[in-house]
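A short worksheet on the structure shown next.
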């Protein structure tokens with residue numbers, strides 16, 4: 001049987017890999033999985049092809065007897081929160097998150113707002129490939145798609161209920177918001193305004209082509225945003241990806257702070273806010289060693305897991321963990337919801353700053369200093385990924401390092417770590433290394449790239 005779902009949903013280039021025919025068939029499988037008369041919320045980000053795909057999905061769902069509600073354009077976490085709080089049986093989000101502009105995708109959400117478990121993905125794939133759809137009789141096709149207008153307001157109010165609004169308001173923070181010309185522009189400024197912030201925006205208009213910057217917030221794509229933070233002398237900058245489930249922060253000195261750094265600080269803050277919670281967080285093997293180094297001071301256990309928000313979210317929920325996060329800026333705060341949420345992360349960071357009464361630069365300087373270097377190699381036909389992993393283990397495994405092989409190969413040394421893994425969303429192999437010496441990090445990445453390329 002074939003495979004549709006990757007690390008985070010079904011993705012592909014619109015009209016090439018993610019064709020109308022495939023999406024119609026997939027939506028019929030999704031609707032059959034949820035069952036006749038189930039209530040399903042459909043929404044999307046700003047991407048090209050989004051409106052086309054929404055209409056196809058809604059048509060496919062209607063054809064198998066599902067009651068369909070259209071939530072319009074909204075951040076993925078807003079749609080997930082609406083599914084959970086407004087009584088839906090599930091949701092379908094049209095998004096490719098951080099992928100380049102030509103991509104779009106389908107994310108399936110369960111009634112708890114979390115992306116469906118891997119076993120349920122397999123069930124939908126089985127229905128898709130065997131074409132066992134619960135197609136209804138023509139005489140039952142009398143319902144229309146209904147409009148759901150409460151998505152954004154419900155979401156923003158939910159976020160605000162988890163932070164001390166008055167404490168943040170007293171600080172009169174100046175913030176810069178970079179929503180990547182996508183749906184983060186529809187919600188994060190509303191959160192900032194409610195928290196009494198003076199708001200600046202960059203890349204704030206909706207643009208399906210992501211003309212100003214790539215939808216993935218990286219060190220390179222945020223160079224201009226970081227310069228604006230310094231020029232305007234704001235207290236905090238926040239940048240989202242295409243569907244605003246991530247938040248990458250830029251501190252008051254204009255330094256881009258990667259997601260495992262912000263996730264570490266927010267995990268500490270979650271433990272302060274929820275003193276009775278289990279002192280455990282869940283993060284992917286792609287996160288830095290600084291996570292354990294810092295959180296161990298507060299007796300917070302770190303549970304490493306595979307890369308992918310689906311796996312992390314369900315592990316956080318199953319283990320009743322304090323929080324979960326990825327190094328890419330996706331942070332999960334369980335009192336709100338068990339999914340990545342960019343605007344919730346932003347509100348929590350402002351609350352942490354207000355509580356600590358320090359600048360954002362001073363706050364991030366509390367963390368151990370590591371230098372991060374990343375690259376990627378195209379996954380060419382015939383490239384044997386498992387053989388690459390085996391070679392890396394042969395070269396780098398010694399008694400003085402720790403090897404983790406639950407998702408690619410991660411090696412942790414005294415003052416460095418690296419990860420090599422096949423991407424679950426793109427045909428590439430990702431290489432990342434961190435070290436307390438920048439030259440060590442650069443050398444590691446160069447060495448690993450040669451091994452991956454077979455040189």
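Each Cβ is built from the backbone N, Cα and C atoms, and glycine gets one as well.
If you take the C-beta of residue 97 (active site, phosphoserine intermediate) and look for same-chain residues 6 or more apart in sequence within under 8 angstroms, you find 8, 76, 105, 215, 241, 242, 243, 245, 246, 425. Positions annotated as active site, phosphoserine intermediate by Swiss-Prot: 97.
Positions annotated as Mg(2+) binding site by Swiss-Prot: 97, 241, 243, 245.
The phosphoserine annotation in Swiss-Prot covers 97. Residue 97 (active site, phosphoserine intermediate) falls within neither a helix nor a strand when secondary structure is assigned with DSSP, and so counts as coil.
Other than 97, 241, 243, 245, the residues of this chain whose Cβ falls within 8 Å of the Cβ centroid of the Mg(2+) site are, in sequence order, 45, 75, 76, 95, 98, 215, 240, 242, 244, 246, 330, 340, 342. In this view, residue 241 (Mg(2+) binding site) is surrounded by 32 other Cβ atoms within 10 Å of its Cβ, with every protein chain counted.
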